[in-house]
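As given in TrEMBL:
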type	residues	note
ACT_SITE	A:Tyr553	active site, proton donor/acceptor
BINDING	A:209-215, A:278-284, A:291-294, A:343-349	FAD binding site
BINDING	A:Arg490	substrate binding site
DOMAIN	A:177-359	domain 'FAD-binding PCMH-type'
SITE	A:Arg394	site 'Important for enzyme activity'
Amino acid sequence: MTFHPGPSNYLHRSMASGTSSQLAQRRLKIISGHVQPPQAREALSLHPCSAPAASSSIPKRRQEVLKWNGWGYNDSKFIINKKGQAEFTGKRYKLGGMVLPALREWMEKTFGASLEHRTTSRVSLNVNDVPPAIINEGFLYDLKATGISYSFDTEDRVFRAHGHCLNEIFTLREGLFNRIPDLVVWPNCHDDTLKIVELACKHNVCIIPFGGGTSVCNALECPEDEKRAIVSLDTSQMNRILWLDEKNLTAHVEAGIIGQDLERQLGESGYCTGHEPDSMEFSTVGGWVATRASGMKKNIYGNIEDLVVHIKMVTPTGVIEKSCQSPRMSTGPDIHHFILGSEGTLGVVTEVTIKIRPVPEYQKYGSVVFPNFEQGVACLREIARQRCAPASIRLMDNAQFQFGHALKPQVSSIFTSFLDGLKKFYITKFKGFDANQLCVTTLLFEGDREKVLQHEKQVYDIAAKFGGLAAGEDNGQRGYMLTFVIAYLRDLGMEYYLIGESFETSVSWDRVLDLCRNVKERIARECKEKGVQFPPFSTCRVTQTYDTGACVYFYFAFNYRGLSDPIHVYEQIEVAAREEILANGGSLSHHHGVGKLRKQWLRESISDVGIGMLKSVKNYVDPNNIFGNRNLL
Amino acid sequence: MAALVSSNSGYSQKELSCKKKDEFEDILEERRQSSDIQYAMKCYTPAIYKGLSPCKPGTLKTAVLKSEQVQYVIKQLSKETGESPDIIQEEAMEILEEMGHSLRLGAIRFFAFTLSKAFKKLFQRVCVNEEGIQRLTQVIQEHPVVLLPSHRSYTDFLLLSYIMFTYDLPVPVIASGTDFLGMKMVSGLLRMSGAFFMRRTFHGNKLYWAVFAEYVKTIIRKGYAPVEFFVEGTRSRTSKTLTPKFGLLSIVMDPFFKGEVFDTYCVPVSISYERILEESLYAYELLGVPKPKESTSGLLKARRILSENFGSIHVYFGQPVSVRTLASGRINRFQYNLVPRHISQRPSKDLQAFVRDVAYRIELIQIENMVLSPGALVATILLQNLPGMDYDVLVEKTLWLRDLTRSFGGFLDWPGNLSASKVVRSSLTLHSNLMSLVDGRVVLLGGRKEESRLTEELVFQWALSVLMCTSYRNQVVNVFVRPALVAISSQMAQSSRKEDIYHTFIFLRDIFSNEFIFLPGSALKDFEEGCFLLTKCEVIQITPHEIVTDRENAVVSFLAAMFKPFVESYQIICKYLSNDTTQVFTEKQFSSGVQNFVSQLLVTGATQCYEALSRDMQNNALSIFVQLGVVTKKQVANGLTFCANKEAVNKIAAKLGSKIPSEKVLMSRL
C-alpha cells in the first residue's frame, strides 16, 4: 500500500484557472470517467418533436456500443493478458490499456480464485432462445399511424429486459430470461409519450419505462406472468436540453438525457447540475427522478429531490405537473414526492426543470489515512456536525483500501516505486498504523480557489484530531476515478467463479459502526452456513454524510466453486444481509430503490398505512396497471 | 496447556459410563505431580476476544460513568429530584466503587497457588470436559461470552476461575452478591480475582440499575472478559436447580439486541459435587436456623473441613449457545430502531418471554450435563427405606436404579472397574457423616433410639439428616421428574383416558413448577417425554385413547415414592393454610406457622414427611400459590402480606390427595 502520485498522465490534475468552457471540459473528463469527448454540438431547441434527437453518447441501438452480457462499453473491460496479468482495455478511461500487476494476486489471495478455473459465458445472445413476442395488433396498428419509432428486434428487446443485478447478468451469460418486452418504442418527445400511453390504455398494453438500464434492484425485470403485450418505452430519444434560464439558474431538459451528456452540454455554457451518481455515464434524468437518485456531490448540489424544480409526468390518467416553477410551495403534500421514487409504476417522466450552477472555478482532491475505521467514522461524524463536508467525502474500510491498491497500474519508474516504499514505511512504521487496520478517506473540494483552500484546511484540521494523516491528492483522485471502472470488474470476476454485488443503506450516526461490523459478520456467517467454500469478500465505505447519519455502501463477492446454485446462494445471503441492515436501524435503500428486489420489506419499512397510501395513489393514477413493472408494491 | 492435555491419562473417561463421549480430564492429577508455585507463576497468555479493546478496571469504571446511558439517567434524576447532577454523579461513582472489580493477575496467581493446595486436600478429582474447553477457547476468540454455571457452593466461582486459568482462558468477571462486602479482606481478594458485586435488590433505584447494567454491558461490548453469573441467582441449598432469575440475563443480551455486538454466546456450565462443602450448613438453613453472616473469621473456622474428603467434582462446559440463533425469528430487532439506544426502554412482552425461555433452556442444559454420582443413587434408595435397610438390598437396588437412571438419560459417573458393592461402599465412606453400615444394615445417622419418645429436638436432629440426604437425592430428581409425574398422574387421574392423565399431569407440573425446571409452555412436550421414557421401560402402554399403567410395576412405585415427599409436603402446607385462623399473614408468620404445624404433625407421628420442614419447599409452595391465585399478595407499608383463599386451597389439597397410592403398596415393593 502506497500513497504516491500515480504517473503524471494518469489523471487530469485539478486546476487553478482556465476559461470556463475549457474548465468545464476538463472537469467533465474527470467526473464522467474520461469518456471520449463529445461529438457535434447540438443547438438548443424549444420544439423538441420537430427537432431530431440530440446526439447522445449512447446510440438508439445500444448494442452498438454496450455489452450484451455485462457492464458498460463493449471496448472497455478487464482481461487477463497473455502474460497472466490483469489489464484494462479500450481508450475510454484513463486506466485503458494499462496493466494492473497486483490485481491477479489480490483475486487469488482474497477469493482463492485461480486462473485455471474459468467459467465461460455464452458467446453471444442466442436469438432463438428468446420467447416469442406477444403482439397486440390493435395497439400496433394505432402505433404505426403515429409514426413513432418502434422495434420487434430481438436484441433491442433483450437489451431492455434487464438492469445490472447479479442474477440478471448471470442469466444473460448462462441462459435467457423467461419474459422480455415484446416491443420497444422510442418516443421523440413529451407528446409522443402522451400518444403511446393513450394507446396503451386503449388497448390494455403494459408499459415499462426504460432510461439508462442501470437499475440494480430488478426494476426492469418483466413480470413473468404478464399476459399482456409489454412495451418497453425507451426515453433515450427525448434527450434535449430544451432551455436554460440563467437568471433563475434552471435548465429544462427532456427526461431521457443521460448524465454525461447533460453535464457536458451544460458545461459548454459554463453550467452544471452537479448531480453525479456513479452511473452517470448511462443513467438518465428521468431515471434519477423515478428512483430518488443521489449524487456523489450532494453536499454541495443536493440529491435529486433537492435539484428538481418541476417535473412533468405522463400517467394513464393524464399529465401531472405543477403550474409554476417557484422554489418552494405550501400546497398540501408535494406532488413531486409521489413521482420521485415511483419507479415507473405511475407513469413516465418526460421533462424536468433542474437547478444548474456555474461550473466551479476550482476543484481539489484529497485523501486522509486513519489508523482504523472507527477513527475514520468519528472524523466524518465531526465533519458532519460542523457541517463542513466537502463536495464529496468517502471513507473506505481496510479491505476496500487494499482492494484499491490491487487496482494500481504498473509503476512507471523506479523513483515512484521508491517513493511508494518510503510512504508505506512512514505510515506503518513511523506512525505505527497497522496495515490491516488503516483506512482511507477520499475528498473532493469544489468552489472558489480561496474558499476551497480554507475549507481544505478546516477538514484536515478536524481529521488530524482523529489521528488522520493527509495522504495526498492523487490517492483521492484515483479513488474517484475507480468508481467508474470498478463496475467493470464484476465481469472479470464472473469469468473466474467470482460473483458479487453492491448494496447500500443509510443509517443514523450512532449506528454506523455497529451496522458495518454486523453486516460483514452476518455475510461471513451466512456464507459458512450456505456452504461457500472460500471466505467471502465483504467491505464497505461510508459514501455520504448527513446531519443525522450516513450512507453506507457495501461490496460483497465470493468464489462460488463447488456450489450448484450460486445465484440462489447469493440471493439468500443478500436477503440475510438486508435483514441485518434493517435490524441494525439501516434503511431499505438510500438511493438504489426498491424495485422488485426489496419489495418484501417495504411494508415493514413504511407501515401498513404507508403501503395503503401508495396503493390508493396507484389505484387512482393507473387503475388498469398499465405501468405494470410491479415495482414497490 | 498442551502439556496438560497430553498428560491426560484418560483414566476418568473409562469411569464415565454414559451417552456423553466427552473425555474428562482430572486437572488435579497434574497438580499432584508438579510444583504449585511454578504453576501459579506460569506464563499466562489467554486466548482473547478478537474485538477486544484492552483497558484497565479503572478505565472501565470511567467509561461507564461517562457513558451516555448513565449520564442520561443522571440528568433525568437531576430534573426529577432537583439535585445537582454533580452530586448524583458522585453517587454513581460510589456505586461503581462498591460494585467494580479490580482484576489483577497477581491475585489470580495467588488463588492459583492457594486453591491448588486447598483443592488437592479437599477433593479427589476435579474433572473437566476437554471438548467443552476446546469449544470455549474457540468461541471466546470470536464473540463475547457469558458463563452460566450452576450454583451449589461458594467454591463454584473460585473453581471456574481456577479452571479458566489452568486452560489459559481469560479469567471471567463474576457477578456476586454484596453479602461478601462484609468480609473486608476476602472481598478485596475476590475483587482482584474478577468479582464484581451487585446488591440483591435494587427495586426502584434507577441510578443503581443504570450503573450496574451499563457496567455489565460495557464489559460485554468491549469483550473485556467473559462475564460469569448464576442464572439461579443464589446457591441452591437443596441441590435442586432453582428457578431462574432474568435480570442479568436480559442485561447481557441487550447489546446483541441493540446491534452493539454481532452475537453473544452463553455457555452453560454444570458443576457437580459428589459431596457439597456446605451440606450441613444448608440443612440448618433449610430448617430455619439463620445463615451465619459471611465473615472472614467464619471462613477461617471453616478450615476444619480441610481435613475431610469431598470426593470428585465434575465440571462440564456445555455447548455454547448463540443468542443470535436463539433470537432468530423470535425477536424483531426493529423495536430498538426508534428510540436512541442509550435510553433504556421497558422490555417488550416478546422480549420478556424470550429471556425467560432462554433462562429455562440454559438451566435445562445445566441439568442435562450434571454428572450424577453413585452416592446420589444410594441416598435416593435409602430415603425410601428409612431409617435403614439391608446392605445387600441397598446394593441390589442401587444397581437397579443405576440402570434406570441411564435409561432415562442421566449422566452417571459409575466406576466401571469396580464391583457394585465396592461402589456403594465407597459412597458410604464418602458420606460417612450421614450414613453408616452397621451389622449388614445401612442406616441414616441422626436417628433416635427405638424406645425413646419423639421430641421436637429429636425431630430437628432427624430432619437435619433427612434434609442432607435429600440434597443428594435432589441431584437426580430432574432426571426422573417427567416420567414420575406421568406415573403419578396415571395413579391420580379419574380414568386411564389420555386427556384425564394429561390434565392431571398439567396440574402437577403447574403446582411443582417452582420445584422442578420445566420450560414454560412446553407441557405437552414434557408429557410426551415422560410417556416415552415410561414406554421405553415397559411401564406403560399407550393406546389411541388410553394410557395403561402397570401399577404394581417397580418403576412406578419407585417414582411415586421418590416424589411423594413433594406431594405430601404441599398437602400439608395446604392443610396449614386452610386451618390457619389468621386472615392476613406475612411471609415470616407463614414460615414459623408452617414450621410449628409440621413439627407437631411429626412429633405426633401424624406424618413421616420431614421434607415439609424445608423452608425451600414452604417458600416454593407459597409462591406458586400466589402465582396460581390461590393466595393473594398485597404490598403494604411495611412489606408484603398474604391472604389465602381457603376454598381454593382445599381444592388443591383434595386434588393432590386423590387416589394417592397407599404407603403399604410402596413399602412392599421397595
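Sequential numbering from 1, following the chain as shown.
Here the Cβ of each residue, glycine as well, is placed from N, Cα and C on the backbone.
Positions of the features from TrEMBL, shown on the structure.
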residue: A:Pro209; record: FAD binding site; Cβ contacts under 8 Å, 6 or more apart: A:Leu233, A:Thr235, A:Gly286, A:Ala290, A:Gly344, A:Val348, A:Val349, A:Phe627, A:Asn629
residue: A:Gly213; record: FAD binding site; Cβ contacts under 8 Å, 6 or more apart: A:Arg62, A:Phe159, A:Arg160, A:His162, A:Gly163, A:His164, A:Leu220, A:Phe282
residue: A:Ser279; record: FAD binding site; Cβ contacts under 8 Å, 6 or more apart: A:Gly212, A:Thr214, A:Gly259
residue: A:Ser283; record: FAD binding site; Cβ contacts under 8 Å, 6 or more apart: A:Gly211, A:Gly212, A:Thr214, A:Ile258, A:Gly259, A:Pro277, A:Ala293
residue: A:Thr345; record: FAD binding site; Cβ contacts under 8 Å, 6 or more apart: A:Lys618, A:Asp622, A:Phe627, A:Asn629, A:Arg630, A:Asn631, A:Leu632, A:Leu633
residue: A:Arg394; record: site 'Important for enzyme activity'; Cβ contacts under 8 Å, 6 or more apart: A:Thr441, A:Thr442, A:Gly479, A:Arg541, A:Val542, A:Thr543
residue: A:Arg490; record: substrate binding site; Cβ contacts under 8 Å, 6 or more apart: A:Gly70, A:Trp71, A:Leu166, A:Ile169, A:Leu498, A:Ile499, A:Gly500, A:Glu501, A:Ala557
residue: A:Tyr553; record: active site, proton donor/acceptor; Cβ contacts under 8 Å, 6 or more apart: A:Ser502, A:Phe503, A:Glu504, A:Cys540, A:Arg541, A:Val542, A:Thr543
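Of all the binding-site residues listed (A:Ala293, A:Val349), A:Val349 sits in the most crowded Cβ setting, with the most other Cβ atoms within 10 Å. Restricting the average to the domain 'FAD-binding PCMH-type' (A:177-359) gives a pLDDT of 97. DSSP gives the residue listed as 'active site, proton donor/acceptor' a strand state. According to DSSP, A:Arg490 (substrate binding site) sits within a helical segment.
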